[in-house]
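The feature UDP-alpha-D-glucose binding site is assigned by TrEMBL to Glu110, Asp139. Taken from TrEMBL, the feature Mn(2+) binding site covers Lys282, Asp306. The transmembrane segment annotation in TrEMBL covers 20-38, 50-69.
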Amino acid sequence: MGKDDYLPLFETRSAKGRLLYWLYAVTVFLGVISMCAYRVRHFPAQELKRWVWIAVFMAELWNALYWLITQSVRCSPVYRYTFKDRLSQRYEEVLPGIDIFVCTADPVLEPPVMVINTVLTVMAYNYPPEKLNVYLSDDGGSEVMFYALLEASQFSKIWLPFCRKFKVEPRSPDIYFSSADEIPVDDVIFAKEWQTVKHLFQEMKERINEIMKLGRIPDELQKQHKGFREWELGASKRDHQTILEILIDGRDSKAMDVEGKPLPTLIYMAREKKPQYQHNFKAGAMNALIRVSSRISNSPIILNVDCDQYSNNSESVRDALCFFMDEEMGHNIAYVQYPQYFNNITKNDVYGNYLRIIVELELPGADAHGGPPYIGSGCFHRRDALSGKKHEQESKIDWKKENEIRVKESASTLEETAKILAGCNYEENSQWGKEVSSSPSSPTPPSR
Ligand SMILES: O=c1ccn([C@@H]2O[C@H](COP(=O)(O)OP(=O)(O)O[C@H]3O[C@H](CO)[C@@H](O)[C@H](O)[C@H]3O)[C@@H](O)[C@H]2O)c(=O)[nH]1
Ligand SMILES: [Mn+2]
């Protein structure tokens, strides 16, 4: 393809109506100036009144300063549009592997059913399943969470084909079945499968909630998977060895859904915890995940989501790849992130929980100045960028070559050798610890 007939994988458009915005901004600015002039000219003579006057003036000045600063990210937002059809045409055969990290930390505050809903949304992306590797990092080290993930690994065999066949959106079963509570009437096959899948999902939910109430795994269930043995040594949240179990090995020809299509790889990881070591919250979990995944799947692209932030669009991976794989711009892009949206918001959103200004104006505004900072979740990173590779203007990425990296060891060998990478003292006195690790002082802050 010659340079002249190059068709980009994404385009950038500036927001419309900027003139009106500037007019509005000028009027606010004039208001601020008049307010200052008024405060100075009508300074009260009486002492007590003066102090009140000064206090109010300070508050107004602070507000005006905040307004002035925010103009830098509000004046010229840009919006990005992708061309996924071009991506498919050019790159369908060499689409890269994606490592997806879901973080959870407490089975009571973050119920396992909610967590597996998130896991199922990222397993069900419209993307070749053999190229998806989903890691659940459980800082709660919870046996019940492990059980729930095991259940999800079974349910995914039904859920993924169902989503594919009927183009289900969003792909969180809980959200999907509660928002579309009516059985589809105009398609008999769809209606039948809809009912069956919903029923199976409800049953799975009940089983998990029962175990949650019980607080331990009954003996007969423990026999279902060797992973439960890890808890026999009395693992507690703050003190346990690394637990790493590959629940679905995507490379295994027997790992199939009910339609005989491959499944994504699914991994449970609870990094080692010892009371005498700092574990650095989510940042610590992310570091362990980066290392462990480099051993097991080593995909060039990493997505991380919080366990309560399901993906609401099954095309998200393809959208992100339109940026990374763009021939002209791709090598300049280190991360692509999606804004967070929230459910259960009060009517009229009086507390501003929808974050409308931030999501619709300020993030696109920061994007016009080189991009907003990493907001901690819903973000695709290039692994290179996280591992400290220096950016070179001229070095383009050979995606075909990236795809040739294949790990050959058996799942059990990988489990054993990767465990050490999730050890709690791995970072001490190591080059990784000094140069790469994100500690509380670096961009990913501790979260709890
Ligand atoms: O020791 C810990 C503590 C937390 N988490 C996980 O980290 C995520 C975020 O923690 P949370 O307590 O939910 O923090 P929030 O303040 O809700 O999250 C905001 O701040 C986080 C970074 O600090 C970002 O990751 C989030 O996207 C952003 O919504 C959750 O999935 C937790 O399960 C861990 O994995 N290990
Ligand atoms: Mn949260």
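From the backbone N, Cα and C atoms, a Cβ is placed for every residue, glycine too.
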Folded-back contacts onto the transmembrane segment (50-69), same chain, C-beta under 8 angstroms, at least six residues removed: 28, 32, 35-36, 39, 43-44
Neighbourhood of Asp306 (Mn(2+) binding site), C-beta criterion under 8 angstroms, separation at least six: Val102, Cys103, Thr118, Gly376, Ser377
With every protein chain in view, what's the tally of Cβ atoms within 10 Å of the Cβ of Lys282 (Mn(2+) binding site), excluding that atom itself? 24
In sequence order, which residues at least six apart in the same chain have a CB under 8 Å from the CB of Asp139 (UDP-alpha-D-glucose binding site)? Cys103, Thr104, Ala105, Asp106, Lys237, Ala270, Arg271, Lys273, His279, Phe281, Lys282, Ala285
Less than 6 Å between Cβ and the nearest atom of ligand 2 is the rule; apply it to the binding-site residues Glu110, Asp139, Lys282, Asp306. Asp306
All chains considered, the count of other Cβ atoms within 10 Å of the Cβ of Glu110 (UDP-alpha-D-glucose binding site) is 21
Coarse DSSP state, helix versus strand versus coil, of Lys282 (Mn(2+) binding site): helix
